[in-house]
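Quick look at what TrEMBL lists:
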TRANSMEM  B:31-53  transmembrane segment
TRANSMEM  B:74-97  transmembrane segment
TRANSMEM  B:103-124  transmembrane segment
TRANSMEM  B:145-163  transmembrane segment
TRANSMEM  B:183-205  transmembrane segment
TRANSMEM  B:212-231  transmembrane segment
TRANSMEM  B:261-285  transmembrane segment
TRANSMEM  B:297-322  transmembrane segment
TRANSMEM  B:356-383  transmembrane segment
TRANSMEM  B:404-422  transmembrane segment
TRANSMEM  B:428-449  transmembrane segment
TRANSMEM  B:498-516  transmembrane segment
Amino acid sequence: MNDELVAKIKANPNYQELVKKRTGFAVKLGIFVLVMFYSYILTIAFNPSILGTKTGDGVMTIAYPIGIAIIVISFITTLIYVAKANGEYEDLIEKVREDVKDEL
Amino acid sequence: MFKIFAILSVLAVALFAGGDATFEATKRELNIPAIIMFFIFIGGTLGITYWAARRTKSASDFYTAGGGISGFQNGMAIAGDYMSAASFLGISGLVYLKGYDGLVYAVGFLVGWPVILFLMAEKLRNLGKFTFADIAAYRLGQKEIRTLAAFGSLAVVTLYLIAQMVGSGKLIQVLFGLEYEYAVVLVGVMMIIYVTFGGMLATTWVQIIKAILLLSGVSFMGFMVLSHFGFSFEALATKAVEIHKDGQAIMEPGGLVSDPISAISLGLALMLGTAGLPHVLMRFFTVGNAKEARKSVVYATGFIGYFYLVIAIIGLGAIVFLNSPEGAKYFVDGKLFGGNNMAAIHLSHVVGGNVFLGFISAVAFATILAVVSGLTLAGASAISHDIYASVINTNATEEQEIRISKIAVIVIGIIGVLLGIAFEQQNIAFMVGLAFAIAASANFPILFLSIYWSRLTTRGAVIGGFIGLLTAVILVILGPTVWVSILHNEEAIFPYKYPALFSVTAAFVGIWFFSITDNSQRAKDEQKAFEAQSVRAETGFGAAGAVDH
């Protein structure tokens, strides 16, 4: 890719929309997962006994549902991102490709 | 092919000869169904290797199966890479031993995936060709970056390989009564055959088949365990707490990560390490485009997540069933036969009898073979693609490059066997933790900054990357695991088991400092090239495409 083409793609409104939307969304989801995971790890680090709180009269603690929820939520965020990336964002990439296809 | 069978028949003889020797010592019945299952797997996977060998012609075929694997297949294969012996045997063994701490590892191993996907997967796919060094070398100095990345890859591959080798040795020891050393050699030889003949195509298909079998096997085990408790997880946990010597403590975290620094450090290693594992990164190049790469991450995350949830049930099940009066036969001198990593294997015998034990053992063995094959291929690519063809002999032909790969496979195989024997007593999930620490500190910072930071220069990446790698390795050596457990010193010089917090920070600071102070013309050119790189990373224009099979 020569400098001219790079400049042209960067000036393309569809490209700008792609980068802005995708980066914004990825960063938001990424921060969400990081905050979730580190809240968990820091709880284990500084006060593990909180996770030992019982949910009822039996032996069950909140540690299990929380661990399981993190695994499930991680999967769901992955699914959400890919649905968006493979639909909306890929469409934008196609539009950019249309605009510059003669020079690619 | 004739050669393969010649080697195999020699092995088979060695297997049973060795089997007899320890048979006396341990007084264990030779498990015939297990051995039949085992040979079915060996035969089947060798068949795949033969098929793949005939289709593997170019370097692209050898490293990436020609990029013709679909998103679903690749997701299965990634899950296969991830659901390693360390995960299956190690995490179930941890739950068996310490209860909830095993699940902490599982959560950490899984939660790295979404972050990799959001921040790295498509950019890796768009920029790279065979190895992750391709990405960092896109605009930086080829020779320096590739040499460094190859060292990082090899360090990770070696540690991860040790974990798998230890798991396999223990497994075959239990299964056949074969001596540990013979078992490790057997795995080494099998792996060398798969990779040298079948390359990435064989490795991928062995991975996929094994992933399906492993998921079916653990589902059955989880089902059988829960069926004894009316499908109530609570009832299972109640019984486990009643039986386990730590009682209620197994229901909360505690034993493994005793201080805050260790916990944060372990969390960092697990999360960032996933993004720096060379054999996983390679999997983004076996699919046709970024769209398929993303899909494969969704499938992988789903399968891996499910797998870990079932593993938690299996671990608790092992506590209950192995510590019951009927479980006494799995203990020798008060210790679980084959070590705590074998908890899941013994449990399979309890819930499914000899035939199911045979199935699970054969699947676990196939698991180890598939994972070590993937690892070895990643290590060999680092040597042949990044060091040989890009640094030592830049005019190398594809044939020469592939030949070097195959030699590298053999050498890595031998090293893996020797280290597997030396590290026999280590918990394998813990060894994987160390591999992650190095991946997180040496590989991840360079990858991440080369994608996102325009001011990165070769000098910064090389110096900072080496600082990260060295810090991680030195802290591991000076830490409790190597310094105390292996070298038998009184007290560790570095007090923490997990160095990632310090080594990742050192790498980032090093890369940043030596980049911003670099005022050479070359640095300016490299920073300028970021524009073109970012366009390609975002769109995939000009990326290597798929090949039809």
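Heads up, the Cβ atoms here are built off N, Cα and C, so glycines get one too.
Unlike curated entries, TrEMBL annotations are predicted automatically.
In this chain, the transmembrane segment (B:103-124) lies close to the transmembrane segment (B:74-97): three or more C-beta pairs between them fall below 8 angstroms, excluding pairs fewer than 6 positions apart. In summary, the transmembrane segment (B:74-97) does not lie against the transmembrane segment (B:498-516): fewer than three C-beta pairs, each 6 or more positions apart in sequence, are under 8 Å. With a cut-off of 8 Å on Cβ pairs spaced 6 or more residues apart, the transmembrane segment (B:261-285) and the transmembrane segment (B:297-322) reach fewer than 3 such pairs and are scored as not touching. Among the listed stretches B:145-163, B:297-322, B:404-422, B:428-449, the one sharing the most Cβ pairs under 8 Å with the transmembrane segment (B:356-383) is B:145-163.
Long-range contacts of the transmembrane segment (B:145-163) within the same chain: residues 84-86, 90, 131-133, 136-137, 276-279, 372, 375-376, 378-379, 381-383, 386-387, 390-391, 412, 415-416, 419-420, 423, 426, 428-429, 431-432, 434-435, 438-439, 442-443, 446, 458, 461-462, 465-466, 469, 473, each at least 6 residues beyond the stretch ends and with a Cβ under 8 Å from a Cβ of the stretch.
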